[in-house]
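Some features that Swiss-Prot has for this protein:
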- 8-28: transmembrane segment (TRANSMEM)
- 39-59: transmembrane segment (TRANSMEM)
- 68-88: transmembrane segment (TRANSMEM)
- 108-128: transmembrane segment (TRANSMEM)
- 133-153: transmembrane segment (TRANSMEM)
- 162-182: transmembrane segment (TRANSMEM)
Amino acid sequence: MGALIGEMIALSLMALALGMDAFSVALGMGLLRLRLRQIFYIGLTIGLFHIFMPLVGMAVGRFLSREFGSIATYAGGVLLLWLGGQMIVTSFQQEEGTSFLPHGAGLLFFAFSVSLDSFSVGLSLGIFGARTMATILLFGLFSTVLTWIGLLVGRHFRQWLGSYSEALGGSILLVFGLKLLFS
């Protein structure tokens, strides 16, 4: 029983760490003009990706973990750099609106980039034989809720920042992209 509790605590802490990463990125995304319905779907989509990606990672397991661990981190960094750059460029254009819209393919692209780190964690957990169902449910729950919180906090600050909010949001994504590339 003690081992089960210890594993659940460890998995919860990992889920919190991955969820905090999603929260940080969601702060930047929340600076866009988002409706509550969009916030709901963005959080839900990121949560689903945080279920799917570690599940795939756990299935791939030990053999590929060394090769894909660093590749996934670099790919996530490049994706966040691209998305952040797009947001910054768009903020300086005179058009009302944005080239990145958090729905459809853009939302899937964003959710994929945010959840790449959970793929790497899933690879590691697959090696150690962690409980699959507990892992993916905790990862999905934490990332969904923390994404919602990040989007709502970002949305609140958008009112204070006005037209500079999208550039700031893009800058936040750029910083996290650089962090992934150089850590």
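Note that Cβ sites are derived from N, Cα and C of the backbone, with glycine treated the same way.
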Take a look at 39-59, 108-128, 133-153 and tell me which one has the most Cβ pairs under 8 Å to the transmembrane segment (8-28).
133-153
Do any residues of this chain, six or more beyond the ends of the transmembrane segment (133-153), have a C-beta under 8 angstroms from a C-beta of it, and if so which?
7-8, 11-12, 14-16, 18-20, 22-27, 29-30, 34, 39-40, 42-44, 46-48, 50-51, 54-55, 58, 114-115, 118, 121-122, 125
